[in-house]
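Notes follow once the structure below has been shown.
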Amino acid sequence: MGTESARPSVRCTHCELPVPADLVDRDGGPSFCCNGCRTVHATLNELGLDGYYGLRRTLGSGTDVKPPASGSNTYGVFDRESFVERHVQQREDGLCEVEFLLEGVHCAACVWLVERLPRAAKGVVEARLRLSDAVVRLVYDPGAASLSTIARALDGLGYPPHPVQGEERREIEHRADRRRLVRLGVAGACAGNAMLLAFALYAGEESGMDRAYEQFFRWSSLLVGAVALAWPGRTFLRGAWAAIRTRTGNLDLPIAIALVAGGIVGAIHVVRGSGEIYFDSLCVLVFLLLVGRHVQQRQQRWAADAVDLTRALTPLACRARRGDETEFSEVAVDELEVGDVVEVPSGGLVPADGVVLSGRARIDQALLTGESEPVSVDVGSSVHAGTRSDGAPLHVRVEALGANSRIGRLMEVVQRGLAAKPPIVRLTDRIAGWFVVVLSTIGIACTAYWWAVADLATAVERTVALLIVACPCALGLATPLTLAVAVGRAARRGLLVKDAGALERLSHASTIVLDKTGTLTGGRPEVVAWCGPSELRSIVVALEARSSHPVARALVRACAQGPVPEATDVVERHDGGISGVVDGRTVGVGSPRWARERGFEADADLAARALELESTGHTVVLVARDEKVRALAALLDAPRPGALAALDDLRAAGHRLEILSGDADGPVRRVADLLEVPLEHARGAVDPEGKLARVRELRTSGGQVVMVGDGVNDAAALAAADVGVAVHGGAEASLAAADVYVSRPGLEPLVDLVAIARRTMRTVRLNLGLSLAYNLCLGTLAVTGHVDALVAAIVMPISSATVLAVALLSLSRPLGSHRVGRTEPFDDAVPALPSATTRADRTKENGDESSRQDEVTTCR
Amino acid sequence: MSTLLLAVVGASLLGSLHCAGMCGAFAAIAMSSRRAGSCSDAGGCGPDLDGTSGRPARAAALQSAYHGGRLLGYVALGLAAGAAGALLDLGGVLAGLSSAAAVLAGATLVIFGGVELARQLGLRFGVWKRLPRPAFLNGLVRRATRTDRPVTRALAMGVCSGLLPCGWLYAFVVTAAGTGGPFTGALVMGAFWIGTVPILAAVGFSSDHLRRAFGSRVQLVASAAILLLGVATLVGRVELDATALARRVEDTAAAQGPSETSSLPDPAATPACCAPDGD
């Protein structure tokens, strides 16, 4: 038979037996005598067990073994320096943070599972999974675990991790989608076939089928059922296994128990040749459950898009030109790449961070900087995503996109806030944990009862229905989802909420500490009284026309009427006044101190008026002609229109108001008076340290404190308060200390914020109630046998759809309109003498441009 | 049936040198005594593969765990294959074919063994598209090697052996399917297991000597054994079938017997009318 010449000389890389010439690898790679050897070889290599070959060599059987190629599934890449540099963030406490995109995340149960990772993998300190985009944020100790071991642990739980990257991410989602659809298809085919076989069997029972046919159909059902359980049904089995390993209850566990129990009982009956086989129900169940999951996934992706903050604040499509193209064409912003040139039309949102190549415009970047005044941009200026352009169309070269853009990084902060669980979410988690325990107990009781009362088949059927219908998905989904939607809605209103827990706290009655400037008032003085001959008004305008001082702007606004004479020799020394020559006469406008220093005299009436006005918080400006004071203007940093109504709203919501301001006591008390805040709750001349002390004092006295202030100057007080709301200072800086950043001026956003918070918590409670009630009702029906497993599987996704719909709908209703119509009274001004006050040195000018012209009272 | 089982044990014993080569690695992992978590400077982490297991009692425990695991895996395969064979048989009966599973299994084995044999003799068939490697196997083996308890590890490695896509192993699985019943299938795989125990138990002692002694003839012998096994399946089933057929006829007769005998006149007996008077 076998001749020496026919014997091949190549030996199997694994077992060292000769490889038939037919199977020798022609490219010189490793050759194997059989598929089994190839598999073992690859497995050993991938698991790093290839030391086996070296060992065998030293034992002396000796052929050369090629060094193994590194495996692809060991996540060895994750330990490379370049990878760590790119994806891992060092924390100050020596721990590291990393984010992975997980495959196979499908519902709230996965969140519980993944977050038990610290139990399953040594060195992992914390794991937080965002369900909306399946990204897990891990905190780990680099000394105790390498990234690859953590990645393998995640893989072992059934969630292969991937580094988070835009392109790759879409690819992975795509692949996971495809796999899900294939599973769905297989499950569908199995269900269809199993039903057909079941029909045949039922029909046969009626008409008396041949025994052989019946047996054939029963065995075929077994085959189809086995395929359905082993392939599409594996999703549940794997989930259950992971739950067992991490010793957590999850939804897959009861389903898997039901499937396995049904499968085993059915198989035994098939082999015995008699008794009920459950394969038709099992197949249909697997199919329906997968359909439910698919629907849920869709809903979740839809919800994720709805709350994707960066997307909400940047346009979805834009006109762009790529490479050496000359024409602009419409592209989705998702498809933009760094280096593309985008065209931003007048009034359009900038889609990405970049540099202006051509065009001039003014950019409103209030969202980022809090600066309501648009900034002029020219060729070479940087513009940021999410800001609004006004002017000529801009051509912008893209430099950073999506998550890498300034707004993207900002939203990252906000999203992290969502991942850090606010108390209400932790409460829901606890409820859900208990829910699983209670459910299992009821399940066991249900089985025992029906087995005793009826038979095993009834018991199994009802328990399975119960376990499926009582899916805690809605329960687990409701709260985080509602909060995410709320944060998204708030962002669209210019309210960036960093900590979702702030919404919960804001919904309770608390003491709201308000800063005066820029919040209660426009931060911009307005002329409220004029005493003196009105022909002097045109002189004031002539002098102040070119000054940029807030007081000068206010004077010009108030006095501009009729022809303006020419002013010459205008001198502005920034010492509290301005002087010049109009119509050949020397004139001057300035503070009382400025006037006194120059020796300008005023008559007694005017001086008394000035004193009185100053004592009531006005800023007084004197107008002199021919070195004598002839008129005075009184200015007020007046409360914003609607401020009183807004405060009334807050008071109606049960909040106590307090004003703390760095401004002088007089103006603060005046504003407090106008806004009906008790004077004992209004304090002026409080420095940032004083505000911090007051916040602490209020907190120790037991109440909850909401601090509204400047994101930079009042950072300490904002951080010390239960909820810090920053109204100035730029979003990035503010959110370091504050929980909420308000990018719109005025008090309405604050009222909106409180309204959103209250509505959010109402929705959370409603959703919790809904899902508990749903579970209670249908659970009861299932136990009593009024809902069978198949109906349960159909109803299950409806519950989470309801929760989702409630969250989205209730939060997208417009907020209630503010009460308007209350007028803000102003004191009549009386003439007074000049006294020693300078112009209030106000540099902040945060009022909205569309100012109203307050009626200026004039002296008789 | 017993003939087939004997043939299986024999074939398995003859071809088991192949097992020593292929599964030797798994056996070595199973026999290693070190804990999974410990790392050495040179060899990285995971079980070491020195094949020494310390105390004899411990080695025996590991051996029995590993082989027990293999037995479990094989028997499970045999059950599944036998069930599939039963289904095939039922379908065959409905289609008017008898012993479809046996015929199909036998033919498969004969073709497979023939091809392998021809390959060993230098004939070329070309390589078919390589089977994809079962992805779950990696995960299972990885989990198995990570375990801290050596006995569990040995058991798991044994179970994993049954999942290797090895032609030799699946030749016996096909044989099991050919028996057309889950229990007979399990029996066949049990017989296969018996044949493989001696050589795999010897891994770590001196299987190299054996291998040198047999050289390339191992595969030749194994291929021939598969071919013969195919023939045995065909013939064995036919035998089995004949007895079964006979039994069925008897059953039918037994079921119909009493009523028929009472209604039909006995040809041997003289009708009552014609009977002579009883004196």
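The backbone N, Cα and C atoms fix where each Cβ goes, and this holds for glycine too.
Note that TrEMBL annotation is computational and uncurated.
Some features that TrEMBL has for this protein:
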- A:96-162: domain 'HMA' (DOMAIN)
- A:181-204: transmembrane segment (TRANSMEM)
- A:216-237: transmembrane segment (TRANSMEM)
- A:249-271: transmembrane segment (TRANSMEM)
- A:277-295: transmembrane segment (TRANSMEM)
- A:431-452: transmembrane segment (TRANSMEM)
- A:464-488: transmembrane segment (TRANSMEM)
- A:766-783: transmembrane segment (TRANSMEM)
- A:789-811: transmembrane segment (TRANSMEM)
- A:820-860: region 'Disordered' (REGION)
- A:839-860: compositional bias 'Basic and acidic residues' (COMPBIAS)
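Listed stretches A:216-237, A:249-271, A:766-783, A:789-811 were compared with the transmembrane segment (A:431-452); the greatest number of C-beta pairs under 8 angstroms is found for A:249-271.
Per-stretch counts of Cβ pairs under 8 Å to the transmembrane segment (A:216-237) identify A:181-204 as the leading one among A:181-204, A:249-271, A:766-783, A:789-811.
Residue counts for the domain 'HMA' (A:96-162) under DSSP, split into helix (H, G, I), strand (E, B) and coil, are 21 helix, 22 strand, 24 coil.
Taking the domain 'HMA' (A:96-162) as a whole, pLDDT averages 77 in the prediction.
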